[in-house]
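These features come from TrEMBL:
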COMPBIAS  1-11  compositional bias 'Acidic residues'
COMPBIAS  15-25  compositional bias 'Low complexity'
DOMAIN    49-176  domain 'MARVEL'
REGION    1-35  region 'Disordered'
TRANSMEM  49-72  transmembrane segment
TRANSMEM  84-107  transmembrane segment
TRANSMEM  127-144  transmembrane segment
TRANSMEM  151-172  transmembrane segment
Amino acid sequence: MRSGEELDGFEGEASSTSMISGASSPYQPTTEPVSQRRGLAGLRCDPDYLRGALGCLKVAQVILALIAFICIETIMECSPCEGLYFFEFVSCSAFVVTGVLLILFSLNLHMRIPQINWNLTDLVNTGLSTFFFFIASIVLAALNHKTGAEIAAVIFGFLATAVYAVNTFLAVQKWRVSLRQQSANDYIRARTESRDVDTRPEIQRLDT
């Protein structure tokens with residue numbers, strides 16, 4: 001039978017040996033965040049964004065732009081065709097750009113690219129889409145031949161203009177809020193840095 005002291009010494013040696021072997025083992029557990037190792041596998045849809053006002057407007061914009069584009073594509077004859085081509089370009093561009101932004105925002109992919117001001121990007125997209133959809137719808141309404149496809153394209157063009165205009169208004173408000181928050185953060189950071197300088201007189205002596 002082993003005595004209590006011998007058992008304690010044996011356990012201590014075993015634990016120290018396991019610690020040494022674990023430290024020297026090349027198979028160490030990684031400390032890399034799971035989100036970085038997963039890459040695109042960790043993507044998840046954000047239902048809160050899709051249920052919110054901006055998400056619903058984005059979905060409506062994509063649908064209306066797509067319907068307007070399909071309507072204009074069904075027209076086989078035109079004379080003159082400049083208004084039709086312009087409306088086709090505007091509706092297709094709005095559908096593609098807004099669809100990409102919808103995917104980025106709904107999957108929170110924009111959070112992985114913080115270098116881009118996404119509030120300003122959304123504002124520019126909605127503002128330009130509102131302007132060009134309005135112009136294209138007016139031009140098509142003035143130059144159309146009263147066919148069903150042209151009338152439907154004009155109607156959906158003006159509906160898209162209205163939805164983009166509402167989104168532009170909300171995007172302006174969101175952009176202003178982000179500017180105020182950024183100004184407040186810069187002010188707090190500047191005050192913190194000034195306090196750090198005041199509490200460290202050696203820095204002041206070096207500056208002088």
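Placed from the backbone N, Cα and C atoms, the Cβ positions cover glycine too.
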Close approaches to the transmembrane segment (151-172) from elsewhere in its chain (Cβ under 8 angstroms; 6 or more beyond its ends): 53-54, 57-58, 60-61, 64-65, 67-68, 71-72, 75, 87, 91, 94, 119, 122-123, 126-127, 129-130, 133-134, 136-137, 140-141, 144
Overall pLDDT of the domain 'MARVEL' (49-176), taken as the mean: 91
